[in-house]
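*Asks:* Below are the structure tokens for one structure; questions will follow.
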């Protein structure tokens, strides 16, 4: 059920509801350690972000005691929306853009992402035995790609951007359609904390663009104003570093824990799902 009223600002876009469960600099969770290759770091981030998102989605997938149905179901959420003006669509087997109920869309995303991150041809788990390249040999090399030196395939960069975009859509739907349930459960700060970490990584490494982020723009702007997210720097100025000396977990447990799964039968996975009304 949409919680956004087009005639007033949603609660989750108000400063008093933008707080987090942890304090500290989220760049320490996002910045790449010096000795870790960027493809390896982003693979870790995608798996970890998916774990955190799954924890939030379980809340709306729990059965409502009064109806016996999940909080997010095909009756309350007949489309995958993020507010009154944004509807996300999925590609069917014939590559047609179709509307599907939000719980079905989310299930497709979860199965598609799990299929990607558990596929060793995309997210290899065996140690890469090639010689360590020098920075000079990889910089400006037209034959290089993200993660190549760690054994990731040439399409790895595109895959993780598509994964990240779909995960963002799940967060956007959770906020716009189900934030009230998180508030009643006293879990909205946990949702904010997972989402700010997700957004910080996505912006820092170019996995999300401004158009992707528009449905959650007012909340992101609050965090920018508070200094909890770094602002993009103008050309020629020093931007936030994508590299750090260490990564410290500050109350946001680190861990793996991905289950097995296949892409949904009969349905095409992203890239493809479109966005209407923006």
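Cβ from N, Cα, C; glycine included.
So TrEMBL lists these for the protein:
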- 72, 77, 173, 178: Zn(2+) binding site (BINDING)
- 231-245: compositional bias 'Low complexity' (COMPBIAS)
- 252-278: compositional bias 'Gly residues' (COMPBIAS)
- 231-278: region 'Disordered' (REGION)
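For each listed feature, how buried is it and what is near it?
*Replies:* For the recorded site, residue 72 (Zn(2+) binding site), the DSSP three-state label reads coil.
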*Asks:* Quick one: of 173, 178, which of the binding-site residues has the smallest count of other CB atoms within 10 A?
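*Replies:* Output over binding-site residues 173, 178: least Cβ neighbours within 10 Å is 178.
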*Asks:* May I ask you to report the DSSP-based helix, strand or coil state of residue 77 (Zn(2+) binding site)?
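*Replies:* The residue in question, residue 77 (Zn(2+) binding site), is coil (DSSP, three-state).
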